[in-house]
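Colleague: Would you mind keeping the following structure in view while I ask a few things?
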Amino acid sequence: MKLIVKTFQEITIKSRPVRKRFIRQLAKNIRAVLRDLDPELKVEGEWDNLEVETAVVDAKARREMIERLTCTPGIGHFLEVHEYPLGDFDDILAKCKAHFGDQLAGKTFAVRCKRAGKHAFTSMEVERYVGSGLRRECGAAGIDLKQPEVEVRMEIRLDRLFVIHRQHPGLGGYPLGALEQVLVLMSGGFDSTVAAYQMMRRGMISHFVFFNLGGRAHELGVMEVAHYLWEKYGRSQRVLFVSVPFEEVVGEILTKVDDSYMGVTLKRMMLRAASRVAERLELDALVTGEAISQVSSQTLPNLSVIDRVTDTLVLRPLIVSHKQDIIDTARQIGTAEFARHMPEYCGVISVNPTTQAKPYRVEHEESKFDMAVLERALERATQRTVDRVIDELGQDLQVEEVGEVLPGQIVIDIRHPDAQEDEPLALEGVEVQALPFYAINSRFKELDANRQYLLYCDKGVMSRLHAHHLLNEGHTNVRVYRPA
């Protein structure tokens with residue numbers, strides 16, 4: 001199988017040195033993406049295209065090659081072709097008839113020819129000769145240049161003829177590795193996954209940082225979607241996944257910061273931490289999935305206040321996107337199902353968030369915050385290459401859910417204190433303890449290890465995530481309480 005890869009159009013208008021550098025990078029990426037399918041793959045470059053040749057004959061492997069190339073940044077489109085030495089017009093006609101003759105009976109068709117190099121004929125002369133010959137010899141209904149039922153396409157390059165069988169769309173953008181690198185703040189929801197995709201599609205190597213607010217299970221869920229994005233759109237490059245434990249940071253905010261400023265303060269803490277990670281990794285910008293006024297922390301005044309904590313460039317590729325458009329894109333790229341089951345935590349910590357944050361006020365609220373907590377979170381951050389995070393998913397533990405409380409078991413209400421106060425959990429004959437989600441991981445070890453504990457929250461999401469984390473920490477006496 002031979003493929004002709006056409007580069008993204010914006011590459012073709014670059015200066016000669018830049019264009020050559022981008023083409024070389026794209027060739028390198030294609031080899032990396034397809035290496036496991038064909039170690040002997042040949043990729044050779046020309047000024048405006050690359051020729052990819054494989055001896056692999058397995059149909060499944062070929063389909064996988066096509067799929068991977070459609071998801072490789074830097075490719076405008078690519079063609080499946082058969083290559084022949086260039087002969088005379090009769091030879092060209094014979095080759096086209098051999099490939100398309102059985103498709104033309106009773107159909108309208110058009111012949112399209114592109115040329116590169118010096119020849120004694122024009123592209124139009126080739127089209128006319130081949131078109132009239134095919135119409136005469138193949139029983140075609142006629143020639144229709146505007147809306148043909150069949151297109152007979154070919155390219156002539158110097159002394160070679162390429163008969164084109166199929167054209168596949170590319171992802172566009174620039175080759176990964178040709179531009180700068182960024183750090184994506186990844187929550188695993190619709191917005192952050194689509195924002196990451198947009199940056200990767202444009203051609204920027206995108207590393208991931210995750211601020212863990214919800215326990216081990218949430219972390220694993222984000223690892224899973226990060227691995228998916230890397231494998232599908234960025235596998236040609238080495239990408240890092242950094243996880244920062246932020247439960248203690250959230251606890252500090254909840255206990256010391258005014259309710260209306262909790263969300264803005266949390267985002268500022270995330271940007272502070274992300275900037276430190278980006279600086280350490282020598283990355284050029286931060287990327288978030290924020291869109292104007294989608295939630296309270298994303299108003300222009302709030303975004304302005306949030307950005308003041310960092311000198312690092314903050315990119316927001318979705319800033320003017322509608323939520324439905326973001327969801328549609330997530331479905332298109334395959335992250336929607338991940339996001340649909342991935343809870344967003346930023347909204348659970350503030351009841352009456354401000355939409356008009358004032359710099360002096362947020363600075364006053366942050367003066368109550370013990371910055372040593374943020375430093376500890378950064379010190380405890382873990383880093384691994386994203387291709388290895390999937391290994392950790394295999395070490396996952398299942399969480400048992402129960403609908404009834406047995407004698408001797410204790411139910412722990414992990415909801416936010418406001419929810420506990422508004423709707424107290426009262427179960428007849430059952431001991432209920434209140435231990436908010438942001439404290440459960442640090443304080444669970446203080447509980448009697450000989451008792452059985454059932455974690456409870458309204459929807460079962462937070463309880464499941466924290467039970468999962470505790471199980472992975474070695475606590476076998478924890479389940480999830482999900483009343484019928």
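Glycine too: its Cβ is placed from the backbone N, Cα and C atoms.
Keep in mind it's a predicted model, so treat the numbers as computed, not measured.
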Colleague: Given that Swiss-Prot assigns LEU185, MET186, LYS267, GLN298 to the ATP site, pick the one from GLY173, GLY289 that the record assigns to that site as well.
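Modeller: Of the residues offered, the record points to GLY289.
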Colleague: Which of the three DSSP states, helix, strand or coil, fits LEU185 (ATP binding site)?
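Modeller: The residue in question, LEU185 (ATP binding site), is strand (DSSP, three-state).
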Colleague: Roughly how many Å lie between the Cα atoms of GLY289 (ATP binding site) and CYS457 (active site, cysteine persulfide intermediate), rounded to a whole value?
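Modeller: Given the Cα positions, GLY289 (ATP binding site) is 27 Å from CYS457 (active site, cysteine persulfide intermediate).
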Colleague: Using C-alpha atoms only, work out the spacing between GLN298 (ATP binding site) and CYS457 (active site, cysteine persulfide intermediate) and round it to an integer in Å.
Modeller: 27
Colleague: Looking only at DSSP and grouping its letters into three states, which state does LYS267 (ATP binding site) belong to?
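Modeller: SS state of LYS267 (ATP binding site) = helix.
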Colleague: Counting Cβ atoms within 10 Å across all protein chains shown, which of the recorded positions LEU185, MET186, CYS457 comes out on top?
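Modeller: Within the set of recorded positions, the most crowded position is MET186.
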Colleague: Using only the residues recorded as binding ATP (LEU185, MET186, LYS267, GLY289, GLN298), report the maximum Cα-Cα distance in Å, whole number please.
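Modeller: 16 Å is the greatest Cα spacing among the residues binding ATP.
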